[in-house]
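**Q** So that we are looking at the same thing, I have put the structure below in structure tokens.
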Amino acid sequence: MLCWGQVGCKQLGLTPGQYGVSSEATHSDRLLKHGRVQHICCGDGITVFVFVDRKVLYTMSGQKQRKLGYINEFKKERIHFVDSEASRVVFITEGGNIFSWTLKENRGVTSKELRLTKPELLKTLCQTRVIQVACGKDHSLALCKDGQLIAWGQNAHGQLGLGTKDASHTSPQCLKSMAGIPIAQIAAGGAHSFALSVSGAVFGWGRNDRGQLGLGDTEDRHKPTYVKPLEGKKTIHISCGEEHTAVLTKDGSVFTFGAGSFGQLGHNKRRDEIKPRLVAELFAAKVSQIACGSYHTLVFVPSSGKVYAFGQGEKGQLGSGQTSDQLVPLPVKLASHTSDTGPANGCTIQPVVSKIFAGVNQSFAECFAERDDIALKHHSSFISMKGIATVDDLLLEKWSGIDDGKLCKSIKTEINHVFSSAASLNGSFLETTKDNHFKTSNEVSGVDMSAMHLWFEKLQRNVTVLQEVTDTVKKNLMPSLLESHVCVETLRVYLILPELIEVVKEQKDVVKLTSLLSRTILSLEKSKLKILESLWNNLNNYFFKKLVMLFKTVCQHLLQKTFQKQTKFSEDLHNCLRILQKLYEVNCFADLKVAESNFYIALAEVFGISTLHIDSVLDLIKYPCIINMETKVETFNNLCAFIRNLPENEPNQCLLVVRRSMIIQDTLKQLMMFDKTTLQQQLQVIFEGEFAEDYGGVSQEFFSVITKELCVHQNIFKHYEDSRLIWFPEWEPKLPGVFRLVGILCGIALHHGFVANFHFPLALYKKLLNVQPTIKDLKELSKTEGRNLDDLLHDESSNVEEVYGQYFVICKETDDHFKIQHELIPNGQNIPVEKHNRKQFVDAYVDYIFNTSVEKHFKAFAEGFRSSFPKPILDVFLPEELMAVVHGNTKYEWELLEQQASYTGYTKSDQYIVDFWTMFHQLPKKKKKNFLAFLTGCDRIPVGGMGTLKIVINELRIFNPDLYYPIGHTCNKTLDLPRYSNIRKLRKRFLRAIESYEVFGIQ
């Protein structure tokens, strides 16, 4: 063992130099006689040595004896680790208990002399198993086997991390803000503290006047704060001095920050650093160990076998042979050793360093002979630190060896440690290939999903163990998940638990666990829930689908139970449905990782949808993901019919009498006179001067005509020629209240199931359902504008300003069709669009088109539109679906129309019918669309597609049929077709009839 600095020279058998310190690294034969050292704790005036055989020795300042002190009180305990505050030493036993050894200063003596009290057991921590301890000057931290972090002591700077700063806490306090974080290491400085997660996330709190927390400022922190400057650095170890901090990364780099007065940061300056800074002198050296004293720092480079030191040297703690400070890392002079055994007897042997330790003003290096296998084995190892409980294959193998039946106490304890602790699960199943778990971020979980899946598959083979795990998760883990979460690693548990639930045998346990999981997910802060959704988005499709199927199955079970008992939707059902809906939204965002059909629940099979109480239906439509399009339309129509038949809605008609030539004016004038109740009644339309009873066909014809007129009317909507779509104008139209009335008209069409192609873009239906339009919607509305903005966004040239010459302005059209400039942001006409602000410009441009410029008009339209729907029944649809229901579609499948047709008087195989369809399929597309309009009142297809159009061809039995035209009954989609003498006559009469489809009563 090499020792230097203020190490207690007399007791270690060293020759003290000036001021009673050893300024050179010197071997201590006295320590060597006691065997290998496990750990060294260097405090102010005391040094404690824990040996591999677990005996504990110490040196203490002021004592006159020239030998190491031996602590007799631990004969019955095996000490694993030790650390010290200013006035006490804290020991951890192998069993996880903590003993405190108080140091007191003797009074009445001329020189400082310490005496020890009897070690006392911290009884308040006896119920937990402590695995690590870290002591600052007047405070202590303890990490427990189950991942709990505990603190006690002085708290003047918030160093306990409890969210406040106050005098002190003598009893240990749990840091709830760190719940769930899989902590790998804890560290403490003078009055500051750190915790390091298994995947390299660093959290600091406490005193920060010198920047020792590395947060970029000098403000104290009273609760654990994520050290973002160390993000992605793969931090694996932290060491703290009195006012400075050093961190070591997986690739062997060293970063330091905090006080630099003595050069302890190694940057060749005495300046403080408030952010982590790479120690340039150690670049590419691949350091394997770091250790901080109060004001000095040690590092070990295994490739060269050298220990480097920098910082304060007043007490010889740098091992340079001098007592001056060093501002950069310089090698410690390691004394050679003369062998007295074996072939090398009498030869000088260069030491091989295994471990380094540093304390207040002390430094140590454990060494072995170069040829020693043990030295090679521990060449670059860290000081042995126990980790929190996690699951692995060895643990599973041990559990799997237990016969089904009663579990022994030790196995139950192990299961309880792991599956009661979110931190333990979050530290399990890490993706270790290429250190991938160190890449954990808002998009990357760091979990090896395949390894986890295999582990749980093996677990299910032992029913007794699986049930114990299930019960532990229900009883202990789930309630603990309601604590707050501060980093991505705490969200891993939400990916792990579904894999456990999948192998659970009992359905009641599956439902209970899934319900509890749903509740805890929904209790997450909004920002954390967004991160979890991002992690779902990045799941392999296989695991994402399994997640969907889990929640879908439980939702289906709870729905069946609800229907059978005819009760209201339970909180558990709502929660599971909400999670399923969120998964659906993630799936949509990811361009359908899995087919939408994976979300559908066959409601008609679970229970007859038409038999559900209205409140249950309204509950269901909050979760449109579970309903396929056909069921959505059926549900919507049922709800509309229910509203029309409410007791307060007296049987009545919503009657419109219009002239074709003045259809817009007549319609808007009459709509102004209707109240909400009337708007919800059965629609009846009369075209003035035409005879036709309206059983639905006339109303359909009405919507076909008025939507065309609105599209060509120049003084109501703004027209986009390249897309042939309409949008709200920036100007005020001449017809007062027109947009509310058009909204009412659109609502009536939807309410009564009529296809009405208003030529609106998808953006309208997005806004109606509170979804914000994007640049994609602008591309649909105005291809030219959208393409230009897209080019601007993706232009790779450096001179965007010169190429586009664009400022933060947009052309605004006035009611007389003049264009003037409008500023998108204050002083926009003087702010050029450049590479750094082009996204801001595009966002502002899109927002102006769809929101700012049309706010008043859209609000009026939406108010009118929703007036036909007193309940939130529109929410059953997605924007694309709502648009399809209103507008219909143009996916014409003419062969399907023929296949779906039925006949009266004719048969499908009748040669006349064969001739009819042969003639029909030879017609151009426009003529075929005219036939649709002639027979249904609209040339577009309902949302369900051509398969929903079931036309009837009826033989019109009349004398001399060649004199008559075919007759279309739009109310029931029936074609009265005379049996003409030849196909030429059929074609002529048929075409004449369908060309007059816009007028009723043609003979």
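The backbone N, Cα and C atoms fix where each Cβ goes, and this holds for glycine too.
So TrEMBL lists these for the protein:
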- CYS971: active site, glycyl thioester intermediate (ACT_SITE)
- 675-1003: domain 'HECT' (DOMAIN)
- 96-146: repeat 'RCC1' (REPEAT)
- 147-199: repeat 'RCC1' (REPEAT)
- 200-251: repeat 'RCC1' (REPEAT)
- 252-303: repeat 'RCC1' (REPEAT)
- 305-369: repeat 'RCC1' (REPEAT)
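Buried or exposed, and what's around them? Tell me for each listed feature.
**A** Packing around CYS971 (active site, glycyl thioester intermediate) is summarised by its Cβ count: 17 other Cβ atoms lie within 10 angstroms of its Cβ, all protein chains included. Reduced to three states, the DSSP call for CYS971 (active site, glycyl thioester intermediate) is coil.
For the repeat 'RCC1' (147-199), the predicted model reports an average pLDDT of 94.
In terms of DSSP helix, strand and coil, the repeat 'RCC1' (252-303) has 3 helix, 21 strand, 28 coil.
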